[in-house]
Amino acid sequence: MTFQAFRMSLVAAAITVAGFAGAPTLAHAQDTRATTATQAQPAAAKPRVVVLATGGTIAGAGASAMNSATYTAAKVPVDKLLAGLPELSNVAQVSGEQVFQIASESFTNEHLLKLAQRVSQLAKQGDVDGIVITHGTDTLAETAYFLSLTVRTDKPIALVGSMRPGTALSADGALNLVNAVSVAASKDARGKGVLVTMNDEINTARDVNKDINIQTSAFKSQWGPLGMVVEGKNYWFRAPVKRHTTQSEFDIDSITSLPQVDIVYAYGNVQPTAVNALVAGGAKAIIHAGTGNGSVADRMVKPLQDARAKGVVIVRSARVPYGFVLRNAEQPDDKHDWVVAHDLRPEKARILTMLALAKGASTQELQRMFWEY
C-alpha cells in the first residue's frame, strides 16, 4: 500500500467511526474545503487558463506527512497537479504545460527569458484568457517582477507556489493553485499587471517578497497586498501605481540576452575583494546591498568609484527589508554617477538593471526607471 493510499484509508476509517460511512472521500473532502464561490457555468462560457509549471515545492514530495520543510522539490508533473484538483473545472477551462521542472534557486537568466517568451506567446492567443505559473518560492518574486516588466499584455498573469509539499499535513499548494486560477480567470484582474497569489493574498509582482522560509504566510508587500481571494472571489483594496506590462518600455519579444549584473552584500568589516573580483569577471553592473539607507563603508567607496570609472554601473540598494534608499543622502550619488534602487530590494534591482542595460540605458535613464518601475 502506498503512503497516499494508507493516508486515505485512515481518513475513511475515521469518517466511518464518526457515523459518516457514506461521506465523501479524502479527495472530495479536500475539494469541498477548497471549493470556490464561482458558480458552475456552461463549458463554453468558462475562461480559458493555461498553467505553466516550472517545478518548486508546489510540485514537491516528502517522505512522510510530517515532512513539511524537508522534501524534494520539483517531482510532480503538471498533469498530476491539475488532476488532483477537479474543482478547477468549476472555475475555468484549464490546461497545463511543463516548461521546466527545477527548484527555483537554480533559475538562470536563460530560464527567465524562455519563460517570458512562452508567456508572451500565450498572451497573444485569442483562446487564452489568463496564465498561471507554478514556481518555487525562493526566486518567485524575481521571476514575477521580470515578467511584469517584459510581457506586454493586460491579461491576468498569476504566479503561485507553496511552502509545503503536497504530501505534508496541511499542505498549502492546492488552495494556492485554485486561488491563482480564480485570479487568472477573472476579468477584474485584467490590467493589474503580473500578480502573486499566495496564502489568500493577491500581491503585485513589484512589491512582493519572500520574508520567511518556514511558514505559509511567507510572501509580503511592504505597501500591502492588492487584494485577497476568499472562496474564489477577488476582493481588491488598491491598484498598482508603478509602470508594468502594457506600460513598460521593455518587451521580451526584442530581448535575446541579458548582461551580467551581480550583487555585493555589505556587512561589518566588509572588504573590496568581491567588488574587484566581479569587475574582473565582467560584471556590467554591481548592486551594492548596503546597510541602513544603502550605506557604503568608507573602505568600499574608492573600489566602487574605480569600478564606475571602468564603466561598471553602481546601484545603491539596502539589505534592510523595508523602507527605501534616498538619493544623495548617505552618499553623493550625483558626484559618483551612482544610481539608487529606491524601494526595490537588491535582487529586484538586479532585474531592472539587467533590462535597462540590455537597452543601452545611461545611469540617468536607469535612475528614472527606478522611480517609474
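Cβ from N, Cα, C; glycine included.
Among the features that TrEMBL reports, signal peptide is placed at 1-29.
Per TrEMBL, the feature domain 'L-asparaginase N-terminal' maps to 48-239.
Thr57 (active site) falls within a helical segment according to DSSP. Residues or ranges marked as active site by TrEMBL: Thr57 (among others).
Around Thr57 (active site), the same-chain residues six or more apart in sequence whose CB sits under 8 Å from its CB are Tyr71, Ala73, Gly136, Thr137, Gly161, Ser162, Met163, Arg164, Pro165, Gly173, listed in sequence order. Annotation source TrEMBL lists active site, O-isoaspartyl threonine intermediate at Thr57.
Take the CB of Asp138 (substrate binding site) and look out to 10 A: across all protein chains shown you find 18 other CB atoms. The substrate binding site annotation in TrEMBL covers Ser104, Thr137, Asp138.
Here the Cβ of Thr137 (substrate binding site) has 24 other Cβ atoms within 10 Å, regardless of which shown protein chain they belong to. According to DSSP, Thr137 (substrate binding site) is assigned to coil rather than to any helix or strand. TrEMBL lists Thr137 (among others) with the feature active site.
Annotated domain 'Asparaginase/glutaminase C-terminal' per TrEMBL: 260-370, in sequence order.
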Secondary structure composition of the domain 'Asparaginase/glutaminase C-terminal' (260-370) [DSSP: H/G/I, E/B, coil]: 45 helix, 21 strand, 45 coil
Longest CA-CA distance among Ser104, Thr137, Asp138, per record bound to substrate, angstrom: 7
Neighbour count (Cβ, 10 Å) for Ser104 (substrate binding site): 23
8 Å Cβ shell about Ser104, Thr137, Asp138 centroid, substrate site members excluded: Gly56, Thr57, Ala103, Glu105, His135, Gly136, Thr139, Leu140, Gly161, Lys210
